[in-house]
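What TrEMBL says about this protein:
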type	residues	note
DOMAIN	13-75	domain 'TRAM'
BINDING	Q252, Y281, E305, D350	S-adenosyl-L-methionine binding site
ACT_SITE	C377	active site, nucleophile
Amino acid sequence: MTEPGVRRAETPPPERGLAEAELVELTVDAVAPGGHCVARVDGQVVFVRHALPGERVIAEVTEVHRGFVRADAVTVLEASPDRVEPPCPYAKPGACGGCDLQHVAADAQLAWKAAVVREQLVRLGGLPDAELDRLGVRVEALPGGLLGWRSRVRYAVDAADRAGLLKHRSHEVVPIDRCRIAHPAIQQLPVLTPTGARWPAAEAVETVASTGGDVTVAEVRDGVATPVSGPTVVREVAAGRDWALPASAFWQVHPAAADTLSAAVLELLDPRPGEVAWDLYGGAGLFAAGLAARVGATGRVTLVEAAAQGVAAARENLADLPRVEVVSARVETALARRRITGPVDVVVLDPPRSGAGAPVVRALAAAGPRAVAYVACDPAAFARDVRTFAELGWRLEALRGFDLFPMTQHVELVGLLLPPAGR
């Protein structure tokens, strides 16, 4: 029986479409990017959060757009066997937007992400199902479990000077007592409201718990982070090396991520002694260090990075590796202006979320490497770049997915791309 005030799918459909804040009964279909599932009602596409495929739910419409609406599942009428109780009280409609999948069992989270990757590679990458069957698309869990893994947390600050996290697709701050996915050392910091902390004039509070044991807090005012406690330079331990970098510099947020990605890249690329390697969008040099160890004294590695902080960190941390050259430039510029030139044997391509883009892919293919390891944090951007590679005759030979961000919709990919036969 439908609750009063709840719309059900009708035949014929009503003259008006769904309205914001309207309640509607839905049968949920497949997963979609962004932590949503897809449903349809009265001819409209509905992207639903806090739901699972196969469920029947009552959803509240949160946004109305031309061609689709967004909604939150507020009541579950028929639950999926993969549904679990979220461990965090803020992981619910209208509260924190940080975790998309706390209502999903652990194994089902991995399957969810693999399904999204597959759909993006078909729809945006143009790969046939048979090719994806060959690749065996799946997502691997990292050690450490679903909670307490996030080693870098940026809290927003509300008008009452309280630190918290943002609602989904909103600038509204939700004050919280603790973040369950945050590293235990971050959870113990006197940052959140129950500790009595207030942050007048701050727009955000940044916290770090490094793999080297450093814990830092900084407050952000007018876009500038000012240290409050802990060292300004933190130590990370990864790939058999110690790394020193500013607390505000980019580093993977999962403690096991750097080791996992470095090992996966080296396994797929298989760099050989004497080879020339490029590490594009190289950051502090995680992949460059691994490449240098493999190509040896007779090989050469070129790292390209645009961010000044990353360039400085790479030069400092790789100073003991004279066969590594650090180039301060945008990758697009370095390739177009021939600041780096072939011949090159292997390439690590680790672009930002927006992807490498067609000009970089074309320039890279023209340089003639025997293999490219593509590290991606966005399946859609990865799929678009794979399509560009395919248009140039390249193929996606292998693909691994990693759950670097448990409880969220995000997934990391490492793909091996090979040139046409005979190159």
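For all residues, glycine too, the Cβ spot is worked out from N, Cα and C.
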Minimum Cα separation from the residue listed as 'active site, nucleophile', reported as the residue among binding-site residues Q252, Y281, E305, D350 that achieves it: D350
Remaining residues near the recorded S-adenosyl-L-methionine site, that is with C-beta within 8 Å of the centroid of the site residues Q252, Y281, E305, D350: F250, D279, G282, G283, L286, F287, G310, P351, V375
Neighbouring C-beta atoms (10 Å sphere around the C-beta of the residue listed as 'active site, nucleophile'): 18
Cβ atoms near Q252 (S-adenosyl-L-methionine binding site) (within 10 Å, other residues, all chains): 22
Per-state residue totals over the domain 'TRAM' (13-75) - DSSP helix, strand, coil: 0 helix, 37 strand, 26 coil
Mean of the pLDDT scores, which run from 0 to 100, over the domain 'TRAM' (13-75): 94
Tertiary neighbours of Y281 (S-adenosyl-L-methionine binding site) (same chain, Cβ under 8 Å, six or more apart): V304, E305, A306, V331, L349, D350, P351, P352
Around the Cβ of D350 (S-adenosyl-L-methionine binding site), the count of other Cβ atoms that are within 10 Å: 21
DSSP-derived class (H/G/I helix, E/B strand, else coil) of the residue listed as 'active site, nucleophile': coil
Three-class DSSP secondary structure - Y281 (S-adenosyl-L-methionine binding site): coil
Maximum Cα-Cα separation in Å among residues Q252, Y281, E305, D350, which the record lists as binding S-adenosyl-L-methionine: 16
